[in-house]
Amino acid sequence: MPLCRPEHLMPRASRVPVAASLPLSHAVIPTQLPSRPGHRPPGRPRRCPKASCLPPPVGPSSTQTAKRVTMGWPRPGRALVAVKALLVLSLLQVPAQAVVRAVLEDNSSSVDFADLPALFGVPLAPEGIRGYLMEVKPANACHPIEAPRLGNRSLGAIVLIRRYDCTFDLKVLNAQRAGFEAAIVHNVHSDDLVSMTHVYEDLRGQIAIPSVFVSEAASQDLRVILGCNKSAHALLLPDDPPCHDLGCHPVLTVSWVLGCTLALVVSAFFVLNHLWLWAQACCSHRRPVKTSTCQKAQVRTFTWHNDLCAICLDEYEEGDQLKILPCSHTYHCKCIDPWFSQAPRRSCPVCKQSVAATEDSFDSTTYSFRDEDPSLPGHRPPIWAIQVQLRSRRLELLGRASPHCHCSTTSLEAEYTTVSSAPPEAPGQ
């Protein structure tokens, strides 16, 4: 049966009346186990104690207990606010679950213990950290501690620290300054896992080693396992290796899906809008022009002498191409087409009626009538108008010169046209 250290062999700092500060179920005689093999009190048998005989760790210091008694516990309202704040912080900053593995007999067997990594310092590497577990003085590591004595061992050292009496960041910083590669902080009188946070910003910036928090039962088992096997060591591992897949991060997965969906919806909206505008543009170009704006001049073939062109003052001959405007005036196609192309507006040369469109190279455009007023400054009548006026004046003069000739203006015009078109006689005949 395992032997426990008698009370008179305990250090003075450990002689605390446990029954006075603990419930009746915890009032047991405290014992002290060797931290490493070979450091047992004289006269002890070389037997490894069981976990049932492990001493309960000493609770918080008397100073903190006195402060609690003096200041009192927080009020229920403040406690509720504190609980809500802790819940919010836990949602915003959830640490990754890690594992403390006790490796026995040259990696032949191992025991895992659950823990929580600290929210400060460097995170655990995927391959983990190996080292021999050691206890130091003071056990709470609130003051500078002793450096580890490894001798010829190939692995580093991992320190086991008791909770309370100071902040977590100070404990881990003292372990780092002593030369330990990692720190394990265990709970006291509880098996709950606590997320370790920092208090002092300047201390947090100096911490460069990882640290984890374990329960009280895990610390007791680690003492027994690692204290009874010389080749046993501790291995701090992250529970899950780092995952770069979106399936490991639900929030990122949902955000990615929502982002892709929104991008597809916006793209589809722009594409449909562009197609709709393109379809409207095509329909507008294919709409038929109104009947009132697409009146075209009629083209006919002249078959008999019945009139003359008001532009060139030549009679129509058989086979000439004539163009009849909407106002029923007829012109040569070779005369009216250049007229339309050079005139500032498309209108009949005689009656000035607007022509919406023609059949040969003209658009159905109606021009303004502001230039039709001859009284406007800068107005110059066209050549054909001057020729018409001169021709009318000549006919009038011919009619006055022959008072005994009872001929109409039409007959005089025809006679004048015949005379003017006859070839001149040669002299001397």
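The backbone N, Cα and C atoms fix where each Cβ goes, glycine too.
Not measured: the values here are computed from a predicted model.
Feature annotation from Swiss-Prot assigns compositional bias 'Basic residues' to 37-49.
The average pLDDT computed for the domain 'PA' (151-223) is 91. Positions annotated as domain 'PA' by Swiss-Prot: 151-223.
Marked as N-linked glycosylation site by Swiss-Prot: Asn107 (among others).
Marked as N-linked glycosylation site by Swiss-Prot: Asn152 (among others).
Counting every protein chain shown, 16 other Cβ atoms lie within 10 Å of the Cβ of Asn229 (N-linked glycosylation site). Annotation source Swiss-Prot lists N-linked glycosylation site at Asn229 (among others), citing experimental evidence.
Here Swiss-Prot flags 30-67 as region 'Disordered'.
Positions annotated as topological domain 'Cytoplasmic' by Swiss-Prot, on the basis of experimental evidence: 272-429.
Per Swiss-Prot, transmembrane segment is recorded for 251-271.
The annotation zinc finger is assigned in Swiss-Prot to 309-352.
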Secondary structure of Asn229 (N-linked glycosylation site) (DSSP, helix/strand/coil): coil
